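Engineer: Shown below is the structure under consideration.
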Amino acid sequence: MNKLIAGLEQQLAQLDAQSLRRRRRTTESPCAPRVQVDGRAMLAFCSNDYLGLAAHPRIVDALQQGASLYGAGSGASHLISGHSRAHAELEERLAEFVAPQIADARALYFCTGYMANIAILSALSGSGADLFSESLNHASLIDGARLSRANVQVYPHGDLDKLASLLAASTADSKMVVTDSVFSMDGDLAALPQLLALCEQHGAWLVVDDAHGFGVLGEHGRGVLEHFALRSPNLVYMGTLGKAAGVAGAFVAAHKSVIEWMVQRARPYIYTTAAPPAVAHALLTSLEIIGGAEGAERRAHLQTLIAQWRSALQLQRWQALASDTAIQPVVIGANDEAMKIAAALYEQNIWVPAIRPPTVPAGTARLRVTLSAAHTAEQVTQLVGVLQQLEQQDSNDSDF
Ligand code: PMP
């Protein structure tokens with residue numbers, strides 16, 4: 001056999017041996033708690049569609065209308081001819097959305113959150129700069145930090161004292177602190193008020209990745225900055241639009257000079273084809289729903305489900321992490337054990353993904369349960385019951 005291929009196949013076999021091989025399943029219906037997967041009707045607790053907007057009829061209509069108005073593709077990057085009226089309107093609406101938190105705000109729309117994070121870090125930090133990164137940050141921030149060529153220092157999860165001492169010791173002209181707002185595999189919130197105070201004290205940017213907060217947190221769904229009532233020119237905010245907003249893409253919001261600098265320098269913005277304008281058009285409806293009465297009702301229902309889950313779930317050996325958000329992980333520990341439990345859930349037509357290293361630290365493989373406003377209380381009760389039963393069976397098995 002070809003040596004290159006044989007080498008890869010050997011490494012894939014090693015992944016299998018460690019229960020680390022990742023596999024995809026194919027969905028055959030819109031994203032919703034009741035979803036058709038590989039020909040099978042499943043109850044899903046795995047999407048990031050926190051408000052249940054991914055299949056919302058008004059947003060689907062808007063997407064179709066956007067295709068009629070603008071066609072299928074944008075045809076070029078934003079700085080050539082791909083920047084449509086739909087993109088421009090979306091950016092204006094997003095800037096209005098975050099205006100209470102950021103003075104003189106402007107917003108920039110990106111195809112994905114992954115690209116937006118790389119854009120922020122590589123455009124606003126660079127060689128000679130100090131970049132302080134939370135240890136549980138998302139992969140896109142880690143990659144952005146690498147691409148920035150800054151001197152990267154990782155501070156332990158939630159360790160503000162350590163961060164304060166690193167900032168105090170920094171002699172760089174340019175400093176940046178980078179953090180997820182809601183940690184994507186743990187569900188807990190960063191201490192943003194304290195982080196912002198430190199950044200202001202030390203003249204550092206605070207980059208906040210609110211992928212899992214935008215649309216969900218804050219009275220009007222404006223995200224974590226609204227939740228904590230934060231406002232500062234040091235803030236650079238990233239919100240994604242493929243999770244709670246139900247469509248696709250992401251945006252960066254900051255003081256208008258920051259955004260203008262990114263238009264000039266952010267390579268993931270400049271050197272890629274603009275997202276289809278229809279997507280931006282659909283997002284206008286999504287924002288309307290998030291900011292209106294329906295959004296408020298959906299957030300309230302989600303909060304009720306989170307409270308129900310937290311009070312109902314009683315585990316003996318597995319650990320439900322302390323989280324008040326829609327991300328409710330159950331830590332199992334070993335990779336093969338987490339895979340076994342996810343498979344047992346799947347047998348009962350419940351779809352919850354097992355998350356393993358390197359996405360989470362070794363020994364903390366977990367079920368990442370995500371709740372959505374599209375779930376019902378009965379569905380949450382069902383998941384709690386099945387999980388508790390599986391844990392019981394699991395401990396009986398290991399008694400032998
Ligand atoms: N940041 C965080 C914290 C995320 O969880 C994700 C998506 N999993 C991203 C950024 C990337 O966003 P997108 O999916 O839009 O690329």
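Cβ coordinates come from backbone N, Cα and C, glycine included.
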Engineer: Which of R21, R22 shares the substrate site with H138, T359 per TrEMBL?
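Structural biologist: According to TrEMBL, the candidate sharing the substrate site with H138, T359 is R22.
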Engineer: G113, Y114, S184, T240 bind pyridoxal 5'-phosphate according to TrEMBL; which of H87, H157, H212 goes with them?
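Structural biologist: Only hit among H87, H157, H212 in TrEMBL's pyridoxal 5'-phosphate site, alongside G113, Y114, S184, T240: H212.
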Engineer: For Y114 (pyridoxal 5'-phosphate binding site), which of these recorded positions sit within 10 Å, Cα to Cα: R22, H138, K243, T359?
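Structural biologist: Of everything listed, what lies within 10 Å of Y114 (pyridoxal 5'-phosphate binding site) (Cα to Cα) is H138.
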Engineer: Of S184, K243, T359, listed as recorded positions, which ones have a Cβ less than 6 Å away from ligand 1?
Structural biologist: S184
Engineer: From the recorded positions G113, S184, H212, T240, K243, pick the residue whose C-alpha lies nearest to the C-alpha of H138 (substrate binding site).
Structural biologist: S184
Engineer: Between S184 (pyridoxal 5'-phosphate binding site) and T359 (substrate binding site), how far is it from one CA atom to the other, in Å?
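Structural biologist: With distance taken Cα to Cα, T359 (substrate binding site) is 10 Å from S184 (pyridoxal 5'-phosphate binding site).
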